Amino acid sequence: MFQLESLKNKIIVIKYGGSIFHTLKNNKSFIEDLKTLKKCGANIIIIHGGGNEISKWLKKLQINNKFINGLRVTDSTTIEIVEMVLSGKINKQLVSTLSKEGINSIGLSGVDNNLLLCKKKYTFVNEIKKDLGYVGEIYKVNTDLLINIMNLGIIPIISPIGTDINGNRYNINADYAASSISSALNANRLIILTDVDGIYKNINDSSSLIENINLTSIKKYIKNGIVNNGMIPKLQCCSHSIEHGTKSVQLINGNRSHCIYNALFNKCGTKIVKGDDLKCQKAI
């Protein structure tokens, strides 16, 4: 039986999706859940997205949005806008909201102190290599920086902009960033907040929500087309995180009241584990 006291010194990584960012100011239960976790001694890291806000600003500036395999093509002009929105706007709004509520936090981007070292990422369409521009793939996380900050009782809030060894900045998919950070720290949980309740066998049937799933089942569901579109890269990130050190991953609806608290007790969303999906493994 899970108990809140077991959170002491455990690492909880939270990915706050851009699709739910507009609800943050009114989401008092999210703030309350963070306070509960901190009171229990948990070490928290938040990585945020911001795709909708980026698209809005690109449209304002009459810059075309182009995606390949769900990844935003990011040229030299677009990366400036992406960094401005993620690091300059959304990141600081998150920090401001938490600080106002008495939660100690600090805003960072992956550029700061080489937090997220990247190399250029490519994708393939029908086995043809496609250039995405300034889109990055993380190969190293500065875990010492994050651990030092958490040891001070401060929550790092991270914008998914990375850098290479030459100082070039890269746009990183926030799910991939959260997965990489979580696995590098061997986090006890990665909780991905999105705008759906979890993984469904049939997206049109609310009773088909999958509560627990293992890596083998994820691969089978993707192959058989049970999950598709934007859920595929999310599940691939979940699988990557589990395979590389994270104890468990949960995909939950960030618009639900006390979603973080309920996730800890496995009362919402879909939980991804390594072993038997019928016997949900104890992660904390």
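Glycine is treated like the rest: Cβ placed from N, Cα and C.
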_Among ARG72, ARG189, which residue does Swiss-Prot annotate as binding substrate at the site that also has GLY50, GLY51, ASN171?_
ARG72
*C-alpha of ASN171 (substrate binding site) to C-alpha of LYS15 (site 'Transition state stabilizer'): distance in Å?*
16
*Could you tell me which of these binding-site residues, GLY50, GLY51, has the fewest other Cβ atoms within 10 Å of its Cβ?*
GLY51
